[in-house]
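Would you mind keeping the following structure in view while I ask a few things?
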Amino acid sequence: MWYQEKTSAMDDSWAVTAPPPASLGDLTHGQRRPRVRSLGRGAEEHDSLPGVHCPAPSLRDRSPPKGPSVDRPWIPTMALFLSLPPSPSGGAVSGATRTSGASLWWGCQVTEPFEDGFANGDELTPAEESAAKEASDSKGVVKFGWIKGVLVRCMLNIWGVMLFIRMTWIVGQAGIVYSCIIVAMATVVTTITGVSTSAIATNGFVRGGGAYYLISRSLGPEFGGSIGLIFAFANAVAVAMYVVGFAETVVELIESFGTNMLDTVNDVRIIGVITVIILLGISVAGMEWEAKAQIFLLVILCTAIVNYFIGSFITVESKKPYGFFGYDGTIMLENMGPDFRGETFFSVFSIFFPAATGILAGANISGDLADPQKSIPRGTLLAILITGVVYLGVAISTGACIARDAPGPGITLNMSTGYANCTDYSCFDYSSCKPSLGMKESTCKFGLHNDMQVMSTVAGFSPLITAGIFSATLSSALASLVSAPKVFQALCKDNIYPGIGWFGKGFGKNNEPLRGYILTFFIALAFILIAELNAIAPIISNFFLASYALINFSVFHASLANSPGWRPSFKYYNMWVSLAGAALCCVVMFVINWWAALLTNVIVMSLYIYVSYKKPDVNWGSSTQALTYHNALTHSLQLCGVTDHVKTYRPQCLVMTGAPNARPALLNLVHAFTKNVGLMVCGHVRISNRKPNFKELNNDLVRYQRWLLNNNSKAFYTPVLAEDLRQGTQYLLQAVGLGRLKPNTLVLGYKNNWKDGDLNDVERYINLIHDAFDLQYGAVILRLREGLDISHIQGQDDTSGMKDVVVSIDTSKDSDGDSSKPSSQSHQSPEQPSHDDEDGKAPTQPLLRKDKKSPTVPLNMADQKLLEASQQFQKKQGKGTVDVWWLFDDGGLTLLIPYLLTNKKKWKDCKIRVFIGGKINRIDHDRRAMATLLSKFRIDFSDITVLGDINTKPKSESVAAFTHMIEPYRLKEDDMEQEAAEKLKAEEPWRITDNELELYKAKSNRQIRLNELLKEHSSTANLIVMSMPLARKGAVSSCLYMAWLETLSKDLPPILLVRGNHQSVLTFYS
């Protein structure tokens, strides 16, 4: 009988218990009772399995599975939960993100608690992968162990045709010693790469994709995507290389009988096409058939190698004219040193090294391995060891028993020995075989130098050597034919390149990429028909080497980043050895072929730049991210130890944008002068008097930061919850930043609605400016005639990257930097389609769009003007001016901002005009003095205007307008009792007293006069940057100060009121 029981809040079990045990002692360690809460009539939800809803009758009536009797109640484990059928989206069901639809577990419908995708990108956890793998194993999917899956494939690929038809020539050219050094050098490179591959492969669960998967998950999609494409292409072309090698051997064999089909070239094409078709059939038949074919070919190959070594001990008199005398000390000593004929050490090395480039054959089918973490290290390193020993053995053996040159039948005796019946190597005269001075080739046709098939002469049964050549070429071709589609399939699934996803579709229980096989077949077929691969062969070798270099660099990079996530179970690696391996791979690339190495680097970097530009939306936790964090943390700490200097001053702005897309003009203008120069943080105060919703706050943080990135805005987004705007801004002013990366300037939007809204908001608005000055911040206010806030225009707020967030704000509130008044709402609309442009930028047409079915609604005139004004800083500014009204010395911030602005591409056509106050009788003197000062500051300007009439009285109508504006906000204490006046002032501190109005009459008139001068001189400017007037804290009421700002900035082009914190930001000195 199934039961339900409520347990403590600390219980967090992943099990749903069966019939209750007799006692708690019956539960084994780690098994705990789950919490079950009612979901309504006939249904329950298990707290231990969030999102699993079970109809109660189904749960109670279900019996545990039949099986062997056990002493304790049977408890389903997490592994069973993870072994649910795949969801419609294609992944295994996990408590992650995607709705599993009809996936049921004992009648329990599974829903996912996460809303924004997998908790860790699109990756499943190793436990989930393991469970999914076990589930797939039970369905009969073919998985290979380390011998069949890795060791066999690597040995077959490394033991290529080079072993039989080039190794003897290498010994003839380089000698035994240098040949061993060449093999050892190649083995060192491949061993270091094998160790690095083992380290990466054991640092978590490995999916299919081989080198591409290892590099992309370590270094990120940029390097992984570029290497994945060229690595898959290299494997596809390698199929053609190996098949052509096989076809040429067959054609030579046919021609040795004095016959052919057409001619040599066409015979190679015909046999090559037939061969690749047969290989394709084996591959498409399934990995199991391909694996059986590989084992059969390995048996033949091993037999051929053993056949050679047996033959080397059997001396036959008839073979001596061909240069084979058995093991002879004289031959060994003569062959010990090099005898380069038209070659060098490095040219011979470049010919041998491609023979060692098969070490990733096992890793390339990592998705078909039963346990990649164990199989790849074991199989790869053992294959490198075995093949390296065999190559060394062949080099020493052939150098000890085969002469470099032999004339063949008709050899003459060396009569100086005096023994007519002498049969040793010293009895034969090979002097006629030596090439004459300046000649590269010998006149003799046999021996190490001249006969590429000399191993067939030495072997006990020569046809086995031919079979070994066939086996080596066909096995390598088959391995490459399988590797290329597997790597390409993994690349397609990651959607890094557009238009290739069609080839990544898997078929059958093994998820075979049949379309990838066909693509590989046609690429191989094209190069087989060319039948001339000498030019492409070095490029393929360089492609493989580029992959090896990046695998080694991945280990070094991951170790350098010191990420806690880098903890491979394979411990026998060293970051500096891996770096040396990467450097060696790069050196070998240029040794093999310098132009091919350059071409490879150009291709890799081109693909890297393309992927970087496209910015695929993936997060694989690469070492690049880890190292970026490490460097950022290190440099931030280093900055903390450096004191501020005027030469290194940068405007670092805390911009009160609210939602970043709510005030685009404010965002774009500040971004224009902080981009690549200083820090920019978008502050968002979310006003809430109810219980704070931190989950929503965190969601907004992720979404709006993504929006900034998608719109190429180099800024950070920081939201806070507060009771009012001032409190939230205080939080931001005090807490935002990290060490020296801390804002020093507060940027606000002008409060256009101050006369219509709650005047307590005006009090808070003015006080937060005072707070900024108290905290040693500068202050900047931007005013546009039309306003700044466009968030109330439905459909115009950009939701790309924010998962359909619609910000709806009370239209009576305007640009005071608070976009989250109680009337603001953030609506989740998962089914609402996004109407934004594909590039993530807000549409510019003045239309209101609700959804695709409803027609577009034209905006009213005011909103249309507001929308147009909000986008004016997104476009390039034409020829115009930036007028700087430098009326107070605030440290130079009023001059620095226009300078930074006009250095940007969008503003470079605008000239700076400077306006300063002065006296009529000193206008020329003041102009020259200012010109000298600006020259010392190295700030370009087009004109300097000295305002000699700045202190004249304003027009009477302007004064009357100011008086009328402040009338509703006056205290008028003379008309009431003193006690009543004091009480009213305490309740409404924003009110203007008669005393302060009289005391600051001159300052009020100055703002009125300045507005008149601004209209006279700067009415056509692209932007006005002006020193912001200050009000003594506690002495000037907020409404009077607001009236000054209103009077000063009304009816003007965009105006930026700037006041530094009196810290010098400009200097004369270098």
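Glycine too: its Cβ is placed from the backbone N, Cα and C atoms.
Straight from TrEMBL, here's the annotation block:
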REGION    1-70  region 'Disordered'
DOMAIN    149-654  domain 'Amino acid permease/ SLC12A'
TRANSMEM  150-170  transmembrane segment
TRANSMEM  176-206  transmembrane segment
TRANSMEM  227-248  transmembrane segment
TRANSMEM  268-288  transmembrane segment
TRANSMEM  295-316  transmembrane segment
TRANSMEM  345-367  transmembrane segment
TRANSMEM  379-400  transmembrane segment
TRANSMEM  461-484  transmembrane segment
TRANSMEM  517-537  transmembrane segment
TRANSMEM  543-561  transmembrane segment
TRANSMEM  573-596  transmembrane segment
DOMAIN    663-1070  domain 'SLC12A transporter C-terminal'
REGION    810-856  region 'Disordered'
COMPBIAS  820-832  compositional bias 'Low complexity'
Applying the under-8 angstroms CB criterion, which one of 150-170, 227-248, 379-400, 543-561 scores highest with the transmembrane segment (573-596)?
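Of the candidates 150-170, 227-248, 379-400, 543-561, 543-561 scores highest.
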Which listed range (176-206, 227-248, 268-288) shows the maximal number of Cβ pairs under 8 Å with respect to the transmembrane segment (345-367)?
176-206
Return yes if the transmembrane segment (150-170) and the transmembrane segment (295-316) have at least 3 CB pairs under 8 Å (sequence gap of 6 or more), otherwise no.
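Contact between the transmembrane segment (295-316) and the transmembrane segment (150-170): present, because at least 3 Cβ pairs are under 8 Å.
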Using Cβ atoms only, state whether the transmembrane segment (227-248) and the transmembrane segment (295-316) have three or more pairs under 8 Å that are 6 or more apart in sequence.
no
Select the range from 268-288, 295-316, 379-400, 543-561 that forms the most Cβ-Cβ pairs under 8 Å with the transmembrane segment (176-206).
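Against the transmembrane segment (176-206), the leading stretch is 379-400.
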Given the model, what does the mean pLDDT over the domain 'SLC12A transporter C-terminal' (663-1070) come out as?
80
